[in-house]
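Enquirer: Under the heading Ni(2+) binding site, Swiss-Prot lists His2, citing sequence analysis as support. Per Swiss-Prot, Zn(2+) binding site is recorded for Cys73, Cys76, Cys89, Cys92.
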Amino acid sequence: MHEVSLMEQTLAIAIAQAEDHGASQIHRLTLRVGQQSGVVADALRFAFEVVRQNTMAAEARLEIEEIPVTCRCQHCHENFQPEDWIYRCPHCDQISQTVMDGKQLELASLELS
């Protein structure tokens, strides 16, 4: 379960940001997790419950925004969200190899005090 190490790193970044802004407590973390990131949101939530203990995020809420895969067709230049793992453009029926969104794992925002 690599989500534990990912959450440890994410929480370390959040704590560093909180300290840089003079905060003593993290109330909320918002993550953007791409559908194709290889990260399981429920495992990330479980990892957060474990790694936040005895930190300034001990009482924090974790919000996860799941980001769908968005492709861009090289043929007709339209963006689309594929319906399966074959990225066929619904506009021109060609296969796309360009994923524009949906692979990320980002710390999108923090609520601090």
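Cβ from N, Cα, C; glycine included.
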Enquirer: Give me the sequence-ordered set of same-chain residues, not including Cys73, Cys76, Cys89, Cys92, with a C-beta within 8 angstroms of the centroid of the Zn(2+) site's C-beta atoms.
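Expert: Those within range, site residues removed, are Gln74, His75, His77, Glu78, Phe80, Pro90, His91, Asp93, Gln94, Ser96.
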Enquirer: Test of understanding: give the count of other CB atoms lying within 10 angstroms of the CB of Cys89 (Zn(2+) binding site).
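Expert: So the Cβ neighbour count for Cys89 (Zn(2+) binding site) comes to 20.
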Enquirer: Relative to the Cβ position of the residue listed as 'Ni(2+) binding site', how many further Cβ atoms are located within 10 Å?
Expert: 12
Enquirer: Given the binding-site residues Cys73, Cys92, which one has the fewest other C-beta atoms within 10 angstroms of its C-beta?
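Expert: Checked Cys73, Cys92; of these binding-site residues, fewest Cβ neighbours within 10 Å: Cys92.
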Enquirer: List, in sequence order, the same-chain residues at least six positions removed whose CB sits under 8 Å from that of Cys76 (Zn(2+) binding site)?
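Expert: Long-range Cβ contacts: Cys89, His91, Cys92, Gln94.
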Enquirer: Roughly how many Å lie between the Cα atoms of the residue listed as 'Ni(2+) binding site' and Cys73 (Zn(2+) binding site), rounded to a whole value?
Expert: 32
